[in-house]
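Written below as structure tokens is the structure these notes are about.
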Protein chains: 2
Amino acid sequence: MNEIKIGLIGLGTVGSSVLKMIIENSDKVQTITGRRLSVKTIVVRNVAKHRRQVPKDVTLTTDLNAIINDPEIKIAVEVMGGIHPAKEFVTALLNAKKHVVTANKDLIASAGEELAATAKQNHCDLMYEASVAGGIPILRTIVNSFAADYITEVKGIVNGTCNFILTQMQQQHWSYDQALMKAQELGFAESDPTNDVEGIDSAYKMVILSQFSYGAHIKLSNMSVEGISTIQQDDIQRAAEFGYTIKLLGISRRIDNGVFAEVGPVLVPQDHPLATIHNENNAVMVTGEAVGETLFYGPGAGGLPTANSVLSDIVSVTKNIVLGTTGHFFNNYQSSPSEIGNIDPKDVKYAYYLSLKMLDAPGQMLKFTQIVTQSGASFSQIVQTKTDHQTARVTVITHKISKSQLSDIKRALRKVNTIALLAAYKVLQQ
Amino acid sequence: MNEIKIGLIGLGTVGSSVLKMIIENSDKVQTITGRRLSVKTIVVRNVAKHRRQVPKDVTLTTDLNAIINDPEIKIAVEVMGGIHPAKEFVTALLNAKKHVVTANKDLIASAGEELAATAKQNHCDLMYEASVAGGIPILRTIVNSFAADYITEVKGIVNGTCNFILTQMQQQHWSYDQALMKAQELGFAESDPTNDVEGIDSAYKMVILSQFSYGAHIKLSNMSVEGISTIQQDDIQRAAEFGYTIKLLGISRRIDNGVFAEVGPVLVPQDHPLATIHNENNAVMVTGEAVGETLFYGPGAGGLPTANSVLSDIVSVTKNIVLGTTGHFFNNYQSSPSEIGNIDPKDVKYAYYLSLKMLDAPGQMLKFTQIVTQSGASFSQIVQTKTDHQTARVTVITHKISKSQLSDIKRALRKVNTIALLAAYKVLQQ
């Protein structure tokens, strides 16, 4: 058996690219694994629509059983997306002893543990490199190259839509709405962009990255998640004057024995590597106790980049089949859930960018300074400008303060009707 | 046999860090591999000097046979450096059926193929992740995550000493000599820095990276290698005025069926990710036909980062021992040597930064422009400044030209005694 036959579920952008790569690069894969890969069967919703896309010897069908009941097919590739019926499909495939490769982050973030257990029961591989940061081979790198290190932080730009919008706001001086429209025109944002722009997609990815980094599962409900839809052009410009670029970052840190994870806009110093990640690209920064800071950058989405990650999974599964070593977890690192405790907001510290509008009258700045001082915080940079006859704009960057100090400041400001806090974003320091 | 015993050869910065990491992180490694790692024997030149560094139950000896003849020791870690006697040691260890992990780039770049064959004959693993770019897990990533892609270019900052010196020249406005002295003071440069500053160390690493990227071996003698010791502070400043940062890059590209590799100073656009790699850090950019541009960034040297790469090799070997899958090449991708042809300099094209000194008299600029035009080249940017009463400084950036056009320009300029070409550096375009 020198050929490994593959079943594909889904034939959209990623699926078509997977098919293309398997056909075009099978020589190289054969050199490496000694096996020839070929796609035998593809399950789609509409057979007629896809017939001309597909070589004649490939079976196109609407019926998953064509893969499930075919003993020749060893590996199933799920690139249909969505949680249902993808979850039921993957479960059925694993129970039919098919190894499964998926690019489906929603599925893995919400049902990954359960599916991994099903895979293990069936002595099958379940791999999902493409589920995080498209073309960046970050999961396998964490598994293989940080195996002996103690990861203390993983953070990054993991949503291409948001990064495209923020890059356009910065480079073209567009408003959020203009940039979103452009992203939709170019196919970088969906017509309902909520999942992307509100940070939910990033949060899913941070759940998976945290599992690989710390061996334990964070719940989405334990994360603070903020998106980019309220960012003003004015904030982009003021951040630039301070020497920063605003990026949507997912951050997951070990604090004592727990893990703290969140998603939100962050001011990144302009000469920090994360500040140079433009448009739809993604980047993940992994900090290990031994290795220090490392960064992995690449295309976050797109057919071929994502297909490359799918192919690297297929090659791994193929090697395992050849070596007789299938049925192990993609990530063998499991630490006890008790390690993932609730983190005291007092222990989570950042510098913050605060943007405020206040009545242009004597005593307002004093009032604000008193509130900040009472919380034990202090300023590192302040800029005050007039906006019209009645109001002044004040932007400050604080020294490091805790989440609870920030809450104190917010609470106190809400009681002052002459001062409005427009934005409070974390500041990354180098 | 739940314990894997290790023999260590060398106990310098990297060796001590490997020892420390094995002791401190053995719990995590055991979770992942099911085996406990421990160092049993260390071979050093001077036992007395190291006695206090090492736990009492570890044997310290000057005799390699203590590892070779010990059937309990399964993995030998060579971190002594240099080609001889490291090559003889590693050969003897492999012939004694020990798996070998090494951090020795000189050894692998010059004798890698031979040692890999010896390893295979003995059904042993030979791994050397730490030999390129210290803490960046680049080799294993190319093997595992680009397996099905067609890599078209690999380039990067792979020498921490040069990058430290260039960063200091840029940030402190120091001369090359001042920056070198600082690097030596801080231990980032050796007292004889030739190998680093003349680009030889980078060239070794490009040999290994090219082998992994294209499956074929480039000879050092086929590479054009230029270092940083002639870079002037003036060049750094002029490059900055054009919007570029000067970096020492290794570049290896597929051109038709061949591979072209070289090392030299390159002007990198200030908002390109490679421009933000500061000080002793390294970064490798891999371009794949499917995946596009990806970048891997991290510490290029240092005890613990390098030790982390050694440990990731040890963990891989351990997994292979457990699974019974040792004896495969670290990089299974071998393409036929005929693919690595000699590249015609006409086919290698870049934009160039040219820095010239000319007599401040009528007709000089015309003469220079004629020479450039005759070669078929043209300018994209020009700046002319007076330096004193007699000479003018001219810096230009050309449009893309081939290596042969550049040679034509250089040859013609040598015949003009009123114009001196001070520097010609490639320009990276985004």
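In case you wondered, yes, glycine gets a Cβ from its N, Cα and C as well.
Look at TrEMBL and you will find B:Lys205 tagged as active site, proton donor. Reduced to three states, the DSSP call for B:Lys205 (active site, proton donor) is helix. Remark: B:Lys205 (active site, proton donor) has B:Lys105, B:Ala109, B:Ser131, B:Val132, B:Ala133, B:Val158, B:Asn159, B:Gly250 as non-local neighbours, by Cβ distance under 8 Å and separation of at least 6 in sequence.
Less than 8 angstroms from the CB of B:Gly15 (NADP(+) binding site) sit B:Leu8, B:Ile9, B:Ile42, B:Val77, B:Val79, B:Met80, each of them six or more residues away in the same chain. As annotated by TrEMBL, NADP(+) binding site applies to B:Ile9, B:Gly10, B:Leu11, B:Gly12, B:Thr13, B:Val14, B:Gly15, B:Ser16.
For B:Lys105, the entry in TrEMBL reads NADPH binding site. A simple way to gauge crowding: the CB of B:Lys105 (NADPH binding site) has 22 other CB atoms within 10 angstroms, across all the protein chains here.
According to DSSP, B:Glu190 (L-homoserine binding site) sits in a coil region rather than a helix or strand. Annotated L-homoserine binding site per TrEMBL: B:Glu190, in sequence order.
Per TrEMBL, domain 'ACT' is recorded for B:353-430.
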B:Val14 (NADP(+) binding site) - helix vs strand vs coil (DSSP): helix
Most Cβ neighbours inside 10 Å, all chains, among the binding-site residues B:Gly10, B:Gly12: B:Gly10
Residue among binding-site residues B:Leu11, B:Val14 with least C-beta crowding, 10 angstrom cut-off: B:Leu11
Most crowded position, judged by CB atoms within 10 A, among B:Ile9, B:Thr13, B:Ser16, B:Glu190 as binding-site residues: B:Ile9
Alpha-carbon distance [B:Glu190 (L-homoserine binding site); B:Ser16 (NADP(+) binding site)] in Å: 20
Confidence summary for the domain 'ACT' (B:353-430), mean pLDDT rounded: 91
CB-centroid shell, 8 A cutoff, NADP(+) site B:Ile9, B:Gly10, B:Leu11, B:Gly12, B:Thr13, B:Val14, B:Gly15, B:Ser16, site residues removed: B:Leu8, B:Ser17, B:Val18, B:Leu19, B:Val79, B:Met80
